[in-house]
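Features reported for this protein in Swiss-Prot:
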ACT_SITE  Glu79  active site, proton acceptor
BINDING   Glu79, His98, His100, His165  Zn(2+) binding site
ACT_SITE  Tyr125  active site, proton donor
Amino acid sequence: MSDFAKVEQSLREEMTRIASSFFQRGYATGSAGNLSLLLPDGNLLATPTGSCLGNLDPQRLSKVTADGEWLSGDKPSKEVLFHLALYRNNPRCKAVVHLHSTWSTALSCLEGLDSNNVIRPFTPYVVMRMGNVPLVPYYRPGDKRIAQDLAELAADNQAFLLANHGPVVCGESLQEAANNMEELEETAKLIFILGDRPIRYLTAGEIAELRS
């Protein structure tokens, strides 16, 4: 086995492990959600369409080109289009996680969210891990406009909320993207736990210090 093949096999196993962890801990249910990562040769490895994140076969993961051409494995999800849009427009993005996790999806269904940043910072971690979390308007799953909107937002952001749909998070590795997704989900959970109680938000100076 060549060095490249060994790296690819390791990444396949990592994707399967992380996806299974999401499923086992209740971040994903049924066949909802998809993950992807960039391979060293520029191709993309992604979870197949209709697949359960808790029961993936490393050898059947979808491989597609940077242009979206299906190369091998099972058929890729139609949502791979917006994964590709993120990779093309943010060179720091090496992996993408999209889930229908309970708390973030619930947050995406609320009216009156700030489309520029749905989470006003009240803990340091959302600032340190994700920065702003813009809202993408609702479109039917698979609609090309999701990819178009994410492409416009990708350069300056690494976490997004698809209205009435769920979260999308990038990372410089799949593990980092997974960590960022968990931070977003836990922050969304805190928003609902706090409810209408007065929140002590971080000040502009505190946010600037975290970003420096």
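Including glycine, each Cβ sits where the backbone N, Cα and C put it.
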Other residues, Cβ within 8 Å of Glu79, His98, His100, His165 Cβ centroid (Zn(2+) site): Ala32, Gly33, Asn34, Leu99, Pro141, Leu162, Gly166, Pro167, Val168
Set of same-chain residues at least 6 away whose C-beta sits under 8 angstroms from the residue listed as 'active site, proton acceptor': Asn34, His98, Pro141, Gly142, Ile146
Neighbour count (Cβ, 10 Å) for His165 (Zn(2+) binding site): 20
Tertiary neighbours of the residue listed as 'active site, proton donor' (same chain, Cβ under 8 Å, six or more apart): Glu183, Thr187
Fewest other Cβ within 10 angstroms of its own Cβ, chosen from the binding-site residues His98, His100: His100
For His98 (Zn(2+) binding site): DSSP state (helix, strand, coil): strand
